[in-house]
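One structure below.
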């Protein structure tokens, strides 16, 4: 990033919110919207309806790498990005039609890997991260990575996609886990209800008998609590997890197909560049041969042949320039969509994780409620157990079942 020095716009002016001013290496001022990554040569106006002031015309913005300036600031829009690359490599119509040492030198400043052009490691300028305060996907997955199994390479975006698909699988397994928990709760509730109907110890009497009857009733109440718990688990945890997973899968497919198509277009454009470059080399070689023939005067028609060869060489240079322009447009488009899509992947991942977190919190909340309701089912049992009084039970039983309170005495003679 080149801070705007004093000079051609030394007077203080207020830019609209989110806009910053920079200078290109050629000295031309341009403006970047840090929120949308929009760039423009014209100074944005802070008041609607007032035209922006155009800067002086110079050659181009700073050299770009994958659509971003080497200083780390966003590059200009696609329709101008490819032209700056072309000019920075010296591929003008004049030097494309002839062997140019400047072209060879500038070509060494870049390296193409799997149809993507990167700055050469030996001459790479410092690049700032797009999101320097975050470990953002949009900063760390531009290059391809060797397949651990040795089967070629894996694109950086493919690694991100695999991570998202793994997350989708984990969410599926979580929903299956909750489903199994629901089955356990339903089976447990069924067994509790069955046990509550058991007639064992039904003949117990007195306050202890009342407490025992309440124990059996509490099982029926607890069974009802667990049935409600399983129903809420299904409606408030399992079903949302499954529904969200399906939507997530659709989003991943859309992202995958979109980036794959752009990468195919980029590969096609690169193949066209290589073909045009080869054709230019052949035309240059033919022109050089005919020029040598003219020097040694092997043929009277050589001068006319040279004119034809020069026209063909120039045409080949124009074709190469056009192919390079189309390639840079395709790479800029791929770059922009990569940034947009990787940020979308981040958003979807955060949304997925937050959604799962919220529903697991709901699960724990339901657990707490279930424990609380279970506790309420045994509270009447505790109360009756505290009231168990064997002496009182004996009094009541005796009053009901006594056969007489006159005791026997000794027999008289």
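Any Cβ shown, glycine's included, is placed from N, Cα and C.
A TrEMBL annotation is a machine prediction, not a hand-curated record.
Predicted, not measured: the structure shown is a model, and the values here were computed from it.
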From 179-220, 221-262, 263-304, the residue range that TrEMBL assigns the feature coiled coil: 263-304
Contact set, same chain, for the coiled coil (263-304): CB under 8 Å, 6 or more residues outside the stretch: 96-99, 112, 115-116, 155, 157, 310, 312-313, 315-317, 319-320, 322-324, 326-327, 329-331, 333-334
Within the predicted model, mean pLDDT of the domain 'F-BAR' (133-393): 90
Residue distribution over DSSP helix, strand and coil in the compositional bias 'Polar residues' (33-43): 0 helix, 3 strand, 8 coil
